[in-house]
Amino acid sequence: MKLSNIPQRYVIVFLTFLSTCVCYIERVGFSIAYTVAADAAGINQSSKGTILSTFFVGYACSQVPGGWAAQKIGGRKVLLLSFVLWSSTCFLVPLDPNRVGLLVVARLLVGVAQGFIFPSIHTVLAQWVPPHERSRLVSITTSGMYLGAALGMWLLPALVELRGPESVFLAEALAGVIWSLLWIRYATDPPRSEHPKAAAAGFGGALLPTNVNHHKVTHIPWKKIMLSLPVWAIVVNNFTFHYALYVLMNWLPTYFELGLQISLQGMDSSKMVPYLNMFVFSIVGGFIADYLITKRILSVTRTRKFLNTVGFLIASAALMVLPMFRTENGVILCSSVALGFLALGRAGFAVNHMDIAPRYAGIVMGVSNTAGTLAGIIGVDLTGKLLEASKLVYSDLSHPESWRVVFFIPGLLCIFSSVVFLLFSTGERIFD
């Protein structure tokens, strides 16, 4: 089948799916490559935590500006610029754990560049995706994150073993360039004739205007957005989701290496299972949400609350029992359940900003993702400090108690966040 025969909105969804996939290959890849290089150089866990968390400082700084830029310039252009910037940085900067200053600057630049990605994607999707396909198409796009993480965990340790840690940077830069060329070739802004007739089919309002400079969208209701309890319900859950995700993504390699004394290079494809599980559960969650809504089984509000609550509470239980398991299979099982149900919960909070503010989807996503990025800064850096403190008590990190508080913190946050979402979220449009 020719690409021209496929509805353009599905082409856009596929390309944005690939973009999130490539981004998370980069994030997992840096964690794997840097862990190997830093351990070989004798870098301590606290310093590792600082370097790993530096990305999130830049990422946090560019979330809201990314939403603003996508709103004013257009998500398609901003997304391309982001890919060009982070790919160039990966290509040009050498991986040397002893050159701390250079690594800090490089990770800040990559973080700033990637911070524009998700606000841009959601601005593009808000223009292309009709309400009755919203949950599943947005979930398909974001599921690329987890497939990327799974592929990174599967392929990149072998690449490190064969070619060294530096080769990971070059592979990631190449992937970014290839995606950019595909985006230039196939991505377009939606003409009115391309819009699916969602409203006529009885599934809600029309899509956004295609002209981002239209006079009706020049005024952004910042005060109303920042004082909205439903927005804060999304923000709190985004913080918790990313705290759990980034702690596992950045420290699970160390947990296997030092906590269980298992080499990542020696593990089989099981190390990709937690992220592959996220990929599957994310898509399943989107289809369940759309089914419940379009079949009128539950309202949009109840659907979002139901999936968010189920996902976060089961993930909480899995996170808190994870350090009790001392085998490779046990840890793979617990981390798979935790990450899988967190991904299911994204059919609640992570699509909700398009329910309540479709016109300002990129802006609300930027605000929400800022909180998620702060979670990365806090969680990744705090974990390094907690592990250094544990070494003073237990002498090394192979003792299970060294890791208990690391996984209890995101577990408790999941419970708190699910309660906040139950109390304050809504599926109704509250911003014109």
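Cβ coordinates come from backbone N, Cα and C, glycine included.
Source: prediction; values computed, not measured.
Going by Swiss-Prot, these are the annotated features:
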- 1-23: signal peptide (SIGNAL)
- 50-70: transmembrane segment (TRANSMEM)
- 78-98: transmembrane segment (TRANSMEM)
- 101-121: transmembrane segment (TRANSMEM)
- 140-160: transmembrane segment (TRANSMEM)
- 164-184: transmembrane segment (TRANSMEM)
- 229-249: transmembrane segment (TRANSMEM)
- 273-293: transmembrane segment (TRANSMEM)
- 305-325: transmembrane segment (TRANSMEM)
- 331-351: transmembrane segment (TRANSMEM)
- 360-380: transmembrane segment (TRANSMEM)
- 405-425: transmembrane segment (TRANSMEM)
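Here the transmembrane segment (360-380) lies next to the transmembrane segment (101-121) in space: the count of CB pairs under 8 Å, restricted to residues six or more apart, reaches at least 3. Ranking 50-70, 78-98, 273-293, 331-351, 405-425 by CB pairs under 8 A with the transmembrane segment (140-160) puts 273-293 at the top. With a cut-off of 8 Å between Cβ atoms, the residues of this chain six or more beyond the transmembrane segment (405-425) that come close are 229-230, 232-234, 236-237, 239-241, 243-244, 247, 251, 301, 304-305, 308-309, 312-313, 315-317, 319-320, 322-323, 342, 348-349, 352, 379, 382-383, 386-387. For the transmembrane segment (229-249), the partner stretch with the highest count of Cβ pairs under 8 angstroms, out of 50-70, 164-184, 273-293, 305-325, 331-351, is 331-351. Residues 28, 132-140, 142-150, 152-153, 248, 252, 299-300, 303-304, 306-307, 311, 332, 335-348, 351 of the same chain, all 6+ positions outside the transmembrane segment (273-293), place their C-beta atoms under 8 angstroms from a C-beta of that stretch.
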